[in-house]
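Once you've had a glance at the structure underneath, I'll fire off some questions.
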Amino acid sequence: MGCFFSNRRKAEKESQPEGGEGRPKQYSWDQREKVDPKDYMFSGLKDETVGRLPGQVAGQQFLIQDCENCNIYIFDHSATITIDDCTNCVIFLGPVKGSVFFRNCRDCKCTLACQQFRVRDCRKLEVFLCCATQPIIESSTNIKFGCFQWYYPELAFQFKDAGLSIFNNTWSNIHDFTPVSGELNWSLLPEDAVVQDHVPLPTTEELKAVRVSTEANRSIVPVSRGQRQKSSDESCLVVLFAGDYTIANARKLIDEMVGKGFFLVQTKEVSMKAEDAQRVFGEKAPDFLPLLNKGPVIALEFNGDGAVEGCQLIVNEIFNGTKMFVSESKETASGDVDSFYNFADIQMGI
């Protein structure tokens, strides 16, 4: 009586090709879809409107080079993007996990979000920016910055895929590696600048399928004043702790405060330790320590006469039962803001 397994092995051996060579072994990396670099590049274009729809880049690197009078829209997240030798172009870039690097470009208008932003040997750029770290310019002139202001349905998920927080935006904190005495190589765009006047929406049928809005109250990234001169000596710090509705609560609070005439100066999302809480929250720190283990906190700075009282009223009326830190008084608020953002900037290396 023969063994079933020995009979099966014999049959398998007899079925193999002569010479003892079987089918080549397959590895997981052999099954990966081959990437064609040409699918992730716009090069040598003139007077064209081109782009990529959500899902078409999916975290790959992208290159834009030698384009003139073009409108370019990348409605997806990517790893890094380099823009070289482009002239008179309109460019939108969805969230970039790493760096965006402009080199030898001029007369371009852009909206983009990234971890790192750098400009070298460029002139006359207008950039509506969301950047997690300090933007850098080098050997460049007449570079103007505004706050990122853009929405389409897939954008929030793309920020997550790129590992970017919508609350970490240092768009106005520019570092110039090559300053010129008596001159300023960069400036901020007017606060009332209309994004769509600088970076118009796409006009081709394919790209129009992406449902874009540039209204400030719909922007995925909260529109902040950044380092513009404050309108008042009074600011208020609010810190929201991690939970199921933290982002929604932060957005609601921003809408309510801005609707009452106050200004959003800056935002931050960062993890805190017990010693950080002690330094920022002082005597109230023990109340918040158990909440720090749930995840990063979101901090908002509002400015305007009556900001502290106005914020306290909104928090008590709308967010009653949700634990938040809110500056207690006008006198202590400035110290609260300085303590938190000094700690946050150090932790984030800004």
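Each position is counted from 1, following the chain as shown.
Yeah, the Cβs are placed from backbone N, Cα and C, and that goes for glycine too.
I grabbed these lines from TrEMBL:
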type	residues	note
BINDING	Gly98, Ser99, Gln115, Gln116, Phe117, Arg118	GTP binding site
COMPBIAS	9-31	compositional bias 'Basic and acidic residues'
DOMAIN	24-179	domain 'C-CAP/cofactor C-like'
LIPID	Gly2	N-myristoyl glycine
LIPID	Cys3	S-palmitoyl cysteine
REGION	1-31	region 'Disordered'
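Quick one: how deep are these features, and who are their neighbours?
For Gln116 (GTP binding site), applying a Cβ distance below 8 Å and a minimum sequence separation of six or more within one chain yields Gly98, Ser99, Val100, Cys131, Ala132, Thr133, Ile136.
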Over all pairs within Gly98, Ser99, Gln115, Gln116, Phe117, Arg118, the annotated GTP binders, what is the largest Cα to Cα distance, rounded to whole Å?
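In whole numbers, the farthest two Cα atoms are 11 Å apart.
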Please give me the CB contact count at 10 A for Gln115 (GTP binding site), counting all chains in the structure.
18
Would you report the average pLDDT that the model assigns to the domain 'C-CAP/cofactor C-like' (24-179)?
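Looking only at the domain 'C-CAP/cofactor C-like' (24-179), pLDDT averages out to 94.
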Inside 8 A of the center formed by the CB atoms of Gly98, Ser99, Gln115, Gln116, Phe117, Arg118, which other residues of the chain have their CB, for the recorded GTP site?
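Apart from Gly98, Ser99, Gln115, Gln116, Phe117, Arg118, the close residues are Thr80, Val96, Val100, Phe101, Cys114, Cys131, Thr133.
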What is the total of other Cβ atoms whose distance to the Cβ of Arg118 (GTP binding site) is within 10 Å?
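Looking across every protein chain shown, the total is 19.
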Select the most exposed residue of Ser99, Phe117, where exposure means the fewest other Cβ atoms within 10 Å, treating these as the binding-site residues.
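Counting other Cβ atoms within 10 Å of each of the binding-site residues Ser99, Phe117, the minimum falls on Ser99.
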